[in-house]
Amino acid sequence: MSWAPVLLMLFVYCTGCGPQPVLHQPPAMSSALGTTIRLTCTLRNDHDIGVYSVYWYQQRPGHPPRFLLRYFSQSDKSQGPQVPPRFSGSKDVARNRGYLSISELQPEDEAMYYCAMGARSSEKEEREREWEEEMEPTAARTRVP
């Protein structure tokens, strides 16, 4: 396998968090093809990530953003349509962080990745939100060139 870097640019969005930026992501990350990378989305300390779902989106060059996944807890999460299981979410409540892990990095993973925080919702509301987000997504963005 040849070594090729994958660069990730991170942007964040938080609904209902007020006018000040409350999320932080490193501006870019890179890793070799075939490896696993973990993107971090950190919520400011005066907010509690434990009460939010973490949403992740991907935008490839020349394409609109697409919903990847929502993660609230190991027992309360959802994957976007046709999103492979090598994309997975997690949270570290003690560090106030959400994570997106991408295993077996592939060339097509080069994209912008968006992180967003939102209130926990029911499965029905989640399906409706996914449909709306596919039509007009609102999320933070991370670029993987």
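Using the three backbone atoms N, Cα and C, a Cβ is placed for every residue, glycine included.
Noted in Swiss-Prot for the protein shown:
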SIGNAL    1-19  signal peptide
DOMAIN    20-132  domain 'Ig-like V-type'
REGION    82-115  region 'Framework-3'
COMPBIAS  121-130  compositional bias 'Basic and acidic residues'
REGION    121-145  region 'Disordered'
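The DSSP breakdown of the domain 'Ig-like V-type' (20-132) into helical (H, G, I), extended (E, B) and coil residues amounts to 16 helix, 54 strand, 43 coil.
Along the region 'Framework-3' (82-115), the predicted structure has mean pLDDT 96.
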